[in-house]
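Listed features, source Swiss-Prot:
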- 4-121: domain 'Response regulatory' (DOMAIN)
- Asp55: 4-aspartylphosphate (MOD_RES)
- 169-356: domain 'CheB-type methylesterase' (DOMAIN)
- Ser181: active site (ACT_SITE)
- His207: active site (ACT_SITE)
- Asp303: active site (ACT_SITE)
Amino acid sequence: MSIKVLIVDDSAVVRQVLSQVFTAASGIEVMDVANDPYMAMDKMKARWPDVIVLDVEMPRMDGITFLKQLMASRPTPVVICSSLTQKGTDISMQAMAAGAVEVIAKPVSGVKGFLEESSHELVMAVRSAAAARMNRVRVMPSASGNPLETRPKLSADAILSAPTGSNVFATTERIIAIGTSTGGTQALEAVLTQLPRTCPGLAIVQHMPEKFTRSFADRLNSLSQIEVKEADNGDRILPGRALIAPGGKHMMVKRSGAYYQVEVVDGPLVSRHKPSVDVLFRSAAKFAGKNALGIIMTGMGDDGAKGLKEMHDCGAKTIAQDEESCVVFGMPKEAIKLGAADEVMPLELIAKAICR
């Protein structure tokens with residue numbers, strides 16, 4: 001059965017481009033379009049969508065207000081479609097905290113360029129959103145021959161060779177590597193806001209487009225006791241600090257003398273993502289070994305499953321979020337199937353596991 005999508009955006013060009021992308025994808029039906037939330041609500045009286053693609057800055061009623069009303073009355077998967085301005089990315093993070101499950105960037109490179117560059121990400125965002133279990137979404141407090149289907153799926157080999165065990169140096173310093181996707185913004189907020197300043201350093205991959213991760217990190221930093229920042233190349237992984245991989249870049253853990261740091265690099269999509277959880281986890285396996293803890297959380301697909309198994313095989317402790325607390329039980333499920341997880345636990349216990 002097709003995923004029914006309602007597009008809500010005040011730009012006719014954006015509505016047209018998004019409609020074109022989704023119509024070309026197998027298994028997705030553009031149910032209708034609306035130029036503001038009032039029109040959307042009228043259309044939803046006759047037929048309810050499976051996924052709503054929502055702009056955040058619109059006249060008459062903004063997307064955040066509409067989203068909050070929707071989550072209070074009939075929770076429905078929402079994909080935020082936002083501009084790459086600072087204001088746009090900040091508002092998008094408010095929307096994710098209010099219950100949206102995915103965020104995508106608005107067309108900026110012209111219709112032709114946008115269709116070539118971003119169609120895959122748009123379609124994957126809608127499919128991930130459609131798989132979301134809305135009763136697991138946490139509304140956080142404020143402070144077919146189609147080329148989309150045939151894109152080659154590269155492994156972490158495209159970025160980093162597999163661990164051999166010979167690269168791991170003895171050290172007492174622990175690091176935490178976390179990977180997550182759909183539902184992860186709320187899940188990470190739930191975990192990071194519980195951590196004390198004395199917790200081990202964290203390196204985190206959350207699937208998110210370029211430009212949005214800085215606003216996401218800034219929001220978490222304002223809510224947490226620990227420091228949370230978008231990673232820059234060469235940043236040290238320190239106790240009480242969480243580094244979030246920039247959207248559109250891969251992030252790896254590297255050993256540098258007596259401490260760990262991150263390397264932020266460009267490269268191809270790995271496991272169909274950039275940043276890729278598999279790349280982060282492989283680097284943690286290779287350079288931290290048993291000194292690392294790997295955690296795979298809510299998200300669609302299998303990115304991170306193989307990498308977590310590599311961490312496990314190199315002596316790291318590994319955790320998968322349980323099905324009951326996941327918004328989408330995809331990535332953890334695949335990791336569990338591979339035998340990659342030492343423990344399977346609910347979201348509310350993960351912060352304690354990090355600190356024990």
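Using the three backbone atoms N, Cα and C, a Cβ is placed for every residue, glycine included.
Here the recorded positions are Asp55, Asp303, and the one whose Cβ sees the fewest other Cβ atoms within 10 Å is Asp55. A separation of roughly 10 Å, to the nearest angstrom, links the Cα atoms of His207 (active site) and Asp303 (active site). Same-chain residues at least 6 positions away in sequence with a Cβ under 8 Å from that of Ser181 (active site) are, in sequence order, Ser128, Gln206, His207, His273, Val277, Thr298, Gly299, Met300, Gly301, Asp303, Val328, Gly330, Met331.
Remark: secondary structure over the domain 'Response regulatory' (4-121) totals 58 helix, 26 strand, 34 coil, with classes taken from DSSP.
The Cβ neighbour count for His207 (active site), using a 10 Å radius and every protein chain shown, is 31.
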